[in-house]
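Lifted from TrEMBL, the feature list:
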type	residues	note
DOMAIN	657-706	domain 'Cupin type-1'
REPEAT	113-147	repeat 'PPR'
REPEAT	148-182	repeat 'PPR'
REPEAT	217-251	repeat 'PPR'
REPEAT	252-286	repeat 'PPR'
REPEAT	287-321	repeat 'PPR'
REPEAT	322-356	repeat 'PPR'
REPEAT	357-391	repeat 'PPR'
REPEAT	392-426	repeat 'PPR'
REPEAT	427-461	repeat 'PPR'
REPEAT	462-496	repeat 'PPR'
REPEAT	497-531	repeat 'PPR'
REPEAT	532-566	repeat 'PPR'
TRANSMEM	619-638	transmembrane segment
Amino acid sequence: MGTLLRSSHTCFRSHCYSTLTAATTTSIASAKKNPNHYLNQNHFLEPVRDQCKSRSFRNVDHALDLFDKMLHTRPLPSIYDFNHVLAGIARMKHYPVVISLVKRIESFGISPNVCTLTILINCFCHLNCLDFGFSVFATILKLGYPPNSIPLNTLVKGLCLQGNIAGAVKLVEDMEKKGYQPDAFTCGTILNALCKIGKTDMAIGLLRKLEGDFELDLTAYNTIIDSLCKDRLVTEALNFLTEMMSKGIQPDLITYNSLIQGLCNCGRWREANTLLNEMAQRKIVPGVWTFNILVDAFCKEGMLIEAKIVFDKMIQRGIEPDVVSYNSLIDGYCLQNKLKDAIDALNMMVERGCSPNVVSYSTLINGFCKNKRIGEAMNLFNEMSNKGVTPNVVTYNTLIGGFCRVERHKAALELFHKMQACGQLPNPQTYAVLLDGLCKNGQVVEAIKVFLEMEDKTLGNNIVIYSILIDGLCNVGNLTVARELFYSLSAKGLQPNVQTYTIMLKGLCKEGLLEEASEIFEKMDGSGCSPDDRAYNTIIQGLLQHNRTSKAMKYLEIMDDKGFSANATTASMLVDLLSANPADKALQELLIKTLPHLRVAASLLNYYLTKKPAMAKPILLYTSLCFLVLFINGCLAYRQWQQQQEFNQCQLDSLDALEPNNSIEAEAGVIESWDPNDEQFQCDGVAVVRNAIEPNGLLLPQYTNAWSM
C-alpha cells in the first residue's frame, strides 16, 4: 500500500513540479530583464489570506494558480502564508497535491514549520499512510518543537479512522509521558470513533474516566447522546441530558435534534413535542432539519395529519421546507396510496421554488407502479427527463418492476436496454427485479438470457438472483435445470439461504421427489441454515400431498417443538386428513398436541362422523369442515396472541407502516393481505386483509371467528 501510494505521489509530483518549474524559470528569467515584474507582496498576499480564511477557493486549480504566483513573488512569502494555501487545498481533499507542494516549498529553501508538518500528517492519515504520518511526527520531535496537542490529535484521528481505537488510546498515554497533554478535542475524537463502531458503553466508560481530568465540552456529550439515541436507548440519552445540564453544560440544536430523532424512532411523540416546546423556551430556534425529523417520522408511521401539521408549522415559523421536507411528505402520501396528495405536494414544491430531485420523482413513480398505474408513472419519468433531472438506477428498477407487475415484460426489457444506452449501468437489484418479473410472467427463456448476460458482467454472485431463477424454473416444470443450478451454487462460492432451500423443496415435492426433498431438508441445519416456518410447512405439505403421513407428522411435531405454526394451507390439509381418518387416535392426539385449541372442533366433527352418520351427508360434512378450517384460523391467531402475552413478547417500541405481502386480483377489485407473522400483527394476534373494490363492484359477506381488525 505504502509503495503504491508513494509511486502515485511521485508521478503526480513530477507533473506538478514540471509545470511549476517551467513557469518559475520563465518568470525568473523575465524578472531579470524587468525588475518591476515582481508583484507588490503585501498587495498580493492580503487577498490570498482572505480567500484562505473564508475558504473561497473556486477549485484546486484556482488554489494552485495562487500558489504559483506566491512562488514568483519576491521576496518569497513566509511559511505561514504558504500554510494557509496548503490547508485550503487539504480541506478540498487533494491530499497528494499538498504533499507535492510541501516538497516544492522546500526546494525553494523555505523550511516547513510545525504547522506545515501537521498538515502533512493530516494528509498522510487521510491517504491511509499512517507510517508516513508517524515519520513526520518523529521529525517534529527531533526538531525540538515545544509540546503541541494539534499533531497528536491529527494522529489520533488517523488511528481512529482506521478503527484502531486501542492504538489511539495508547498513543495518548505515551505522549502524555513526553509532555504532550491531550485536550478536549483528543478525547472527543476517541469518543466519536467508539460511538461510530457501536461501542457506546466503552465511550461512556471513557467519558467517566476523562471527566476527572478534563473539562469536557458540549461536543463530547452530544456524541454520547446521539449514539445512545441511535441505539434506541432514548431514556438513557435523556438522563445524560439531565446530567449534562446539572454540570452547567447547556444543550444546543444538535443535542435536541438527536433526542427528537431518537424519540420519534421509538414512537414517543409526546416527549418529542415536549422537547420542541422546550427548545422554544430556551430560545433555541429549530432548524429545517429538526422539522424534517418530525415530518419524516410521522409519515413513516402513517400519521399524515400530524406530519402535515408539523410541515405547516414549519412554514408559519418562517422556515422554508427543503427538498428533504417535501420528499418525506411525498413518500408518506405514497405509502398510504394517496397519490393525488403526493402530486399536490410535488406541485406545491415547485410553486414555492424548491426544485424536485431524482428522489422526489422516483418516490412518486414507485407509488404509481405499486398501484399498477404504469402510464402515469411513465409520464412522471418523461417529465423528470424534460426538466433535466437524470433518472438513477433506482428510478429504472422501479419502472422495470412496474412493467412486470402489469405483465408488460417486453416493455420492461426495452427499458432495461434503454437505461444501458443512456449510460446507466444496471446493478444486482436491477437484474433481480427483471428476472423476478420475467419468471412470474412465464418468460423463463428470456430470464435465462438476461441471467447469462449478467454472469458475463460478473454481477451474478448473488444468491437472491439464483433463487429467483430456480423458482421460475421450478414453476414451469423445468426441474432438471433448476436442480443443476441449485447444486452448482457451492462451486460458484454461494451459500443457499433458507429461501433458496424452500424454493428447491417446493419444486422437488411438486414432482414427487420426496426422498431428495427430505435429504435436502435434513442437510439444512448442517449447512448452517436452519429451516424456518415456511420450510417446515413446505416439506409437510409435500409429504401430505403424496400420502407420506407418518413422516409429515414427524416434521409437524418438530416444527411445533421449535415454536413454528402450521400455516393456513397446512392446517387445511390436516383437516382433510382428520376428516378422512376420524378414528385415527394417534393423529387426533398429535393434532391436539400441536394445535391444542382444536380439541372442541375435532370432537364436534368426530361426533357427527361416528355417532350421527345419517347427518354426515356431503353438504353437512362440507359445512363442518369449513367450520373447522375457520376455527383453526381463529385458534392459531389466539394461540399466538396467548403465547406472546404469557411470555411478554409484545414489546413494540413503534409501529411501522407496512405494505401488503400478497395481492389477489378478483372480478371487481383487489384483495390484499399482510404477513400475519409480522411482530406487529402477532402482538395483537390479528390478521389483516384489505379489499379494494372497483366502482359498481360488490363485496360478498363472509364469516370468520379469527381475531381480525
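Each residue's number is its place along the chain shown, starting with 1.
Glycine residues also receive a Cβ, built from the backbone N, Cα and C atoms like all the rest.
Curation plays no part in TrEMBL annotations; they are all automatic predictions.
In the predicted model, the repeat 'PPR' (322-356) shows an average pLDDT of 93. When the repeat 'PPR' (392-426) is classified with DSSP, helix, strand and coil residues number 26 helix, 0 strand, 9 coil. Using DSSP to sort the residues of the repeat 'PPR' (462-496) gives these counts of helix, strand and coil: 25 helix, 0 strand, 10 coil.
Sequence-distant contacts of the repeat 'PPR' (148-182), counting only residues of its own chain at least 6 positions beyond either end whose CB sits under 8 Å from a CB of the stretch, comprise 114, 117-118, 121-122, 124-126, 128, 130, 133-134, 137, 140-141, 189-190, 192-194, 197, 199, 214. Packing against the repeat 'PPR' (497-531) from elsewhere in the chain are residues 463-464, 466-467, 470-471, 473-474, 477, 479, 482-483, 486, 489, 538-539, 541-543, 545-546, 548, 551, 555: each is 6 or more residues past its ends and has a CB under 8 Å from a CB in it. Sequence-distant contacts of the repeat 'PPR' (427-461) (same chain, at least 6 residues past either end, Cβ-Cβ under 8 Å): 393, 396-397, 400-401, 403-405, 407, 409, 412-413, 416, 419, 468-469, 471-473, 475-476, 478, 492-494. When DSSP labels each residue, the repeat 'PPR' (252-286) comes out as 26 helix, 0 strand, 9 coil, counted as helix, strand and coil in that order.
Away from its own ends, the repeat 'PPR' (287-321) comes close to residues 253, 256-257, 260-261, 264-265, 267, 269, 272, 276, 279, 328-329, 331-333, 335-336, 338, 341, 349, 352, 354, 654-657 of its chain (Cβ-Cβ under 8 Å, at least six residues beyond either end).
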